[in-house]
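For reference, TrEMBL has these:
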type: DOMAIN; residues: 9-169; note: domain 'Thioredoxin'
type: ACT_SITE; residues: CYS51; note: active site, cysteine sulfenic acid (-SOH) intermediate
Amino acid sequence: MATQLRPQVYLGSKAPNFQVQTSQGPIDFYEYIGDSWCMFFSHPADFTPICTTEIGALASLSSEFASRGCKLLGLSTNNKATHLKWLRDIERITGSKVDFPLICDLDRRIGMMFGMIDLHSFDSEGKPTPFRSVFIIDPKKIVRLVQIYPLSTGRNTAEMLRCLDSLQLVDRTDHHFITPVNWIPGDDVVLAPEIDHITAEEKFPRHRTIREYLKFAPIDPDTLQSH
């Protein structure tokens, strides 16, 4: 039984590969991601109000994710035919065409694998429903971020993009920088705690020290190119 599977995916773990039917036909997860990042998110069911607004918003931002080298992949618990009807309805409602695949997770196999299933919430057939989960997975297939929302709370797409920007910035700068509260691209970043005072003075002369453990620095194209 799919509902007896234990989650295999945790922050920092390698996401497992799988093959599954989607709204765009069968996919192999690893082949779909390729060398890209992936924003993988779940929905409790098709033709539900909050999910409709979320998928419409993500569809309108598909070019933003693509410009960051990130593929979108959704999951819901209905079959392909129902997915296609719902996606057409989302386009009519929101004006945004959904160009990313939506997994058909009828048996909850993928949802259980990723720990997306709420075992205390059930649909009309008595099957458990997925949380509103988000996984950001990097090109090495490592899970870099996990978010779980209750069914009553829609996700914030700006926050999803912000988190992706933060993770990619940290990688591009060899983990010299980390991002503080409410950071958005263009804001100052924080020097990683392991960077001592001497290194900070040599490599990041424009930084400002609040405390020995708290140092802010501006981020600019030259910094991105040199680190």
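A Cβ is built for glycine as well, from the same backbone N, Cα and C atoms used for every other residue.
Nobody curates TrEMBL annotations by hand; they come from automatic prediction.
DSSP classifies CYS51 (active site, cysteine sulfenic acid (-SOH) intermediate) as helix under the three-state reduction. Each residue in the domain 'Thioredoxin' (9-169) has a pLDDT score, and their mean in this model is 96.
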